[in-house]
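**Student:** Quick one: the structure is below, and I'll ask about it shortly.
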Ligand SMILES: O=C(CO)COP(=O)(O)O
């Protein structure tokens, strides 16, 4: 076997945050289900309820933080600042107000500031997931990589 074949293979893996407001959760679940194979290559985070619903519907492992209204948006924002998230899919609700609107705005602000690609609808999420950047090996900080490989979330 050639040396090349024995070379250590680095898996293609990015850290993606998945977040959806209630009126958009079904869109998020459907999109995740349709893209299950591609998403399965990446490490997924989500706000509490979104993460739970995606995991239950698709069996994709999604590491949940708190629910959005209970600080989940801020936790995701903090992970962005720490360099732990590469892409954000955030299906926010453009038709209603939320009690944690300042947190939503703060998350969008911090993701913009840190140059994180953000998809707020299915069309853009499709572009992100099929982008060459999504499919380049991860070069940044990898957290809990062993856990990721074993899918022990
Ligand atoms: O409110 C949210 C984002 O602002 C989403 O939170 P959940 O995923 O917990 O519903």
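Cβ atoms here come from the backbone N, Cα and C positions, even for glycine.
Residues or ranges marked as domain 'MGS-like' in TrEMBL: 8-153. Annotation comment: TrEMBL describes 21, 25, 47, 48, 49, 50, 67, 68, 100 as substrate binding site. Look at TrEMBL and you will find 73 tagged as active site, proton donor/acceptor.
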**Student:** Widest Cα span across the substrate binders 21, 25, 47, 48, 49, 50, 67, 68, 100, in Å?
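**Tutor:** Of all Cα pairs among the recorded substrate binders, the widest measures 17 Å.
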**Student:** Along the domain 'MGS-like' (8-153), what average pLDDT does this model show?
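**Tutor:** Here the predicted model's pLDDT, averaged over the domain 'MGS-like' (8-153), is 89.
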**Student:** Starting from the Cβ of residue 67 (substrate binding site), draw a 10 Å sphere and report how many other Cβ atoms land inside it.
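**Tutor:** A count of 16.
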**Student:** Provide the three-state DSSP residue tally for the domain 'MGS-like' (8-153): helix first, then strand, then coil.
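**Tutor:** DSSP composition of the domain 'MGS-like' (8-153): 68 helix, 20 strand, 58 coil.
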**Student:** I need the neighbours of the substrate site defined by 21, 25, 47, 48, 49, 50, 67, 68, 100. Which other residues of that chain put their C-beta within 8 angstroms of the C-beta centroid, in sequence order?
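**Tutor:** Apart from the listed residues, the neighbours are 19, 20, 22, 46, 69, 72.
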**Student:** Would you say which of the binding-site residues 47, 49 has the most Cβ atoms within 10 Å of its own Cβ?
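**Tutor:** It comes out as 47.
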**Student:** Fewest other CB within 10 angstroms, which one of the binding-site residues 21, 100?
**Tutor:** 100
**Student:** Tell me, how many other CB atoms lie within 10 A of the CB of residue 73 (active site, proton donor/acceptor), whichever protein chain they belong to?
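**Tutor:** Within a 10 Å radius of the Cβ of residue 73 (active site, proton donor/acceptor) lie 29 other Cβ atoms.
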**Student:** For residue 100 (substrate binding site) and the residue listed as 'active site, proton donor/acceptor', what Cα-Cα distance in Å is obtained after rounding to a whole number?
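**Tutor:** Answer for this pair: 9 Å between alpha carbons.
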**Student:** Could you give the Cα-Cα distance between residue 47 (substrate binding site) and residue 73 (active site, proton donor/acceptor), in whole Å?
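**Tutor:** Cα of residue 47 (substrate binding site) to Cα of residue 73 (active site, proton donor/acceptor) measures 7 Å after rounding.
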**Student:** Checking the contact step here: among the binding-site residues 21, 49, 67, which have a Cα within 10 Å of the Cα of the residue listed as 'active site, proton donor/acceptor'?
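**Tutor:** The binding-site residues passing the 10 Å Cα test are 67.
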